[in-house]
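According to TrEMBL:
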ACT_SITE  637  active site
ACT_SITE  680  active site
COILED    126-157  coiled coil
COILED    194-221  coiled coil
DOMAIN    547-742  domain 'Lon proteolytic'
């Protein structure tokens, strides 16, 4: 039903009475569905139930999601520490999982074990407190001396002196005067004398070899006795630290076995290389003791619950971890202490949050990200590369099991591409969450909106807003929603408007953002809109806003530049002549129309035939044109205007030019809602103001678009004054009554006139009137 809307139906109202900031801010209502999906993912303890969150990224939203996940993980218990340890093979570090905080303790315990073994081993070698060991050493030394003295005496009896050498002993002949014979003197001897010396040396060497063998057997026997003593010594001296291990790690068999193995291996290996002399054994002793290392790659000593981590730079090394290399004397070397843990491991048992764009922008990161999630393991083998080729000390660490939830933040287009073309993606992201951007306005939503604005201002260090400014910002959000009863929540746009408004306030040396500041920012005209307006004013673009014209109507369009959109009236004209019922659309014929517009023309043809042709074939062709429109046109929002212009052209009755119209129709003549209604109304208002005045001007819109009305303050003010009007329609009949009919001609008379005119083209007389 047609009617003129009242100001109350049009004026935007966002009452903030009794709405105040709360001390404790609740979750964002637009994220209620998102939180449900995240909670579901956290509760399903199965692989692949990770979340792809479709949303624009913002710090405030991220912080809210992190807090929500933390709240849901707080009762999950302390997360485990993760350590790499050297057991037997230094090239193949093994992984150990410990209760949170025990990683550091394990490292301290190992270092304490090493310190103890270093000290007691030194004491055993160098301290004479153990009488049994000292007696064995003294006895061994005495026997050694006796055998050496015996060899010396034997050598002297044969006329030789003995000198120790690398391979045993060297025998040097003695001259009669007791001096040693030199090589020149030996060479001057007679052959027989030389042979005699050589025979004696041969005999002495044989005896020396026997003594050496005897010494070795004796030393082996005595050293074995000392090793037995060493074993008992270690047992006694390490009893305390072994007890500490049991006390500290008594419930963890794996850790106890590791530390017990370290102690046993140190003792066995030192006993194996024991040679009485500490200086000779020191280097090997240190290698044996200090080869064992604990590297705590994830330390959860300070964390009472699993971690929620946002990885801002998801490179391979930041996600998985890395094996670093050091340059020592031109050679790249590494060891277990240079292994670093990544976000996967730090968030083990908890949640890792990433942005898909950042992940895809890091070379190869997405591949290894998927590979790790599919296998449930972090494998640092990816790090094999150029440095390892130059290194002689590469590592092959044991892969690390991990289990956590992933929240990947990105847009719908990326999700659609990955879901459609990446088979692995749909297996590891089985849950999709999306912010509910459109929210019904109620007191709770008003409260949340007020708090959101306050948070943005505080985080960005902006001036506070007056209530009028908050209302205008809400109006901006409702305008985005194209519904006065809803808010479209877009953090990016809210922040943009607030930043620009705040800058204006600071330049004016004020301390509060007012409603006008928001209005100036939101409704700031771009140069293209001003240029088009000037073209109307200078009559470069034709428009009539005050007469009644046949076959001419003011339709409305929206020009969208991508970053800015505004309304613009368009003169739509129609002429008709005898024909076969065709509707010839100039735009379509000139290939200047899109598919939706072409569809609308086909719908129009069906409706017009039903409206004025009935079962008889129309004998009229209609020629429609969007005047002075040289670009491509699309959409169906001009179909009401086209029908009205066709009826006007056929009936020869004029259309009011002071009222512009927008609306789409179906084949039954019902008027359907359209988009951009506010921009269209404001566009017509501005042009009327430029070329004439706004008195008595107005716009006819679909009844189903009444809730879409969120007009700027200037238009609302003129509507309140009764100068500018908004009319609504539900059918073509309503539109005709507003745009053509008046006190002299009603709808029935108009349609009878149409039938009468139609008969002229067909050569038949009108016999039936519309009742």
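For all residues, glycine too, the Cβ spot is worked out from N, Cα and C.
Away from its own ends, the coiled coil (126-157) comes close to residues 169, 171, 174, 204, 207-208, 211, 214-215, 218-219, 222, 225-226, 229-230, 233, 276, 278 of its chain (Cβ-Cβ under 8 Å, at least six residues beyond either end). For the recorded site, residue 637 (active site), the DSSP three-state label reads coil.
Mean pLDDT of the predicted structure over the coiled coil (194-221): 75. In the three-state DSSP assignment, the secondary structure recorded for residue 680 (active site) is helix.
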